[in-house]
Each structure stands twice: as C-alpha cells, then as structure tokens.
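Below is one structure; the comments refer to it alone.
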Amino acid sequence: GAAPYSMPVPSDGVTINYRHGLPVITLTLPTRSERCWFTVKPMVTTIGAFLQDVQKEDKGIERAEVFTTDGSKVSDATLMEILLMNDFKLVINNTAYSVSPPVKDKLSSEHATEMEDIKSLVHRLFVALHLEDHQIRKERELLQKLDHLKEELLPLEQMKARITHSADAKTSRLLWVGLALMSTQGGALAWLTWWVYSWDIMEPVTYFITYGSAMAFYAYFVLTKQDYVYPDAKDRQLLHYFYRKSKTQHFNVERYNKLKDDLAEAEESLRRLRQPLHLRLPIQEINDKD
C-alpha cells in the first residue's frame with residue numbers, strides 16, 4: 001500500500017516525482033492544510049488502496065476519486081502503474097486536481113548493469129542466509145539415512161557373505177569334478193585304443209562322443225540362450241547355488257537389492273550436495289560423528 005510521509009511544502013497542487021525508482025505522490029491534506037508524501041508501489045498498489053491510505057491520513061476527507069481527463073471515473077481496482085501512464089484528475093472532497101505524471105526515462109545500459117549487480121548481490125545474500133542452512137540440514141538428513149541403511153544392511157551383508165562363500169565352494173567343487181571326469185574319459189579312451197582295441201574300432205566311439213558333446217553344448221544354448229563360455233557358465237552355476245541357498249537360509253534377495261539401491265542413491269545425493277560448484281557456495285564440513 002501507500003506509505004505517507006508528512007512535511008510542509010509551499011505548493012498546493014498534486015505532484016508526482018520518482019525517488020529510488022518508486023513514484024512519490026505529494027498532495028495537500030484538506031483538514032490539516034499540510035503537504036503529505038505517499039510512496040506507492042505501482043505494480044502491486046491499486047487506486048482503491050491508494051485512496052484509502054489518503055483518507056486514513058486525513059479523516060476529514062469524505063470523497064476521494066480518480067477520473068480520466070475526459071471525465072470518466074477510473075475503477076478502484078486499476079493498478080497505479082496503469083494510472084501513472086497518462087494524465088488524470090484526482091478529486092478530494094470538492095476539489096479537483098489535474099495531475100500530469102512525469103515520463104519515466106528508460107533505463108540506460110549503465111543503470112541496467114547496476115541493477116543486474118544489485119540483483120546478483122541480493123541473490124548471493126539469499127544464498128548465504130538460506131540455502132547454506134538448507135544444505136547443511138539436507139546433508140545431516142542424508143548422513144542419518146546412510147547410517148540407518150548401513151545398519152539394516154549389516155546383518156544382510158554378513159548372511160550374503162556366508163551364502164556366497166558356500167555357493168562359490170560348491171561351484172569350485174563342480175568344476176574340479178568336471179575336470180576329473182574329462183581326465184577319466186581321456187584315460188579310458190587311450191586305454192581302450194592302445195591296450196584293448198585298435199583305433200579302427202575306437203574311432204567311431206570318439207566321433208559319437210564328440211557329437212554328443214556338441215549336442216550338449218547346443219542344448220545349453222537352447223535352455224539358457226547363451227553360448228557355453230566357461231566363465232559365464234561358472235557365474236550362472238554360482239548364481240544357481242546362491243539363490244537355492246538363499247531360500248534355505250531365508251535370505252531376502254529383493255530387500256537386499258532395494259537397500260543397496262537406496263544406499264547408492266543416498267551416497268550419490270550426498271556427493272552431489274557436497275560439490276561446491278553446484279551451488280556456488282562454500283561447503284561447511286560436517287563430521288559424521290557429530
């Protein structure tokens with residue numbers, strides 16, 4: 001609204017001047033016979049609010065209205081910014097004042113640069129007073145969340161380590177058993193070839209063994225949609241043993257994965273929050289033990 005300031009001025013008319021970028025309307029109060037300044041914010045103050053402030057300043061004002069130069073009444077809901085664009089008449093009681101608002105010069109490039117500097121300063125002050133506190137609170141919340149997630153994950157991590165160790169041991173035994181069977185097969189074929197039968201008899205046997213191995217590898221591809229690559233086959237067997245052991249140990253794999261994802265997300269949020277280039281302000285270090 002309007003902010004009145006009373007001081008004696010020898011003129012009796014209504015004048016408008018700009019001070020610090022805001023219009024100052026000066027008029028004579030009829031009852032008190034003194035000049036009064038009203039500083040208005042044109043982009044938020046309406047004509048009705050301005051007239052109410054004038055009447056509050058002088059209780060002897062019974063009528064306060066605004067008209068255009070051709071005699072049309074201006075609505076009280078009109079913003080002062082619109083009114084100050086053209087000449088108008090201000091009627092107080094039975095006195096009509098012709099008002100000619102001064103033309104506000106356009107901002108020069110130097111003035112515009114100064115305003116940008118002021119805006120930048122205000123922004124930096126706001127950041128220093130508000131965002132840093134918010135950042136510190138957010139950092140503490142993330143640290144508390146990390147502690148809570150790690151506390152929940154600790155027993156699950158211990159159980160997972162035991163299950164992984166057991167599954168890895170079973171997978172290693174299976175690999176050694178496979179090597180032993182292949183060695184036994186090779187030794188048996190050599191014994192049958194050189195000591196029992198001749199190569200002419202054993203050659204069809206080795207062919208069908210090779211063909212049977214190719215069929216086994218093709219069946220593996222049909223069932224798993226993957227080539228039989230030894231490292232991939234080992235990892236697949238390890239996962240098979242891991243999930244089977246998890247069921248017997250009542251290890252909730254889905255909950256474990258969800259907690260790990262939440263932990264990774266919280267750590268990433270904390271890492272980004274602690275990067276000073278993101279918010280362009282100094283980071284206050286927070287001890288996790290505080």
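Positions of Cβ are set from backbone N, Cα and C atoms, glycine also.
TrEMBL does not curate its annotations; it predicts them automatically.
These features come from TrEMBL:
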DOMAIN    57-259  domain 'Calcium uniporter protein C-terminal'
TRANSMEM  174-193  transmembrane segment
TRANSMEM  205-223  transmembrane segment
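Tertiary neighbourhood of the transmembrane segment (174-193): same-chain residues 199, 202, 205-206, 209, 234, 237, selected by CB-CB distance under 8 Å and a gap of 6+ residues from either end. Averaged across the domain 'Calcium uniporter protein C-terminal' (57-259), pLDDT in this predicted model comes to 82.
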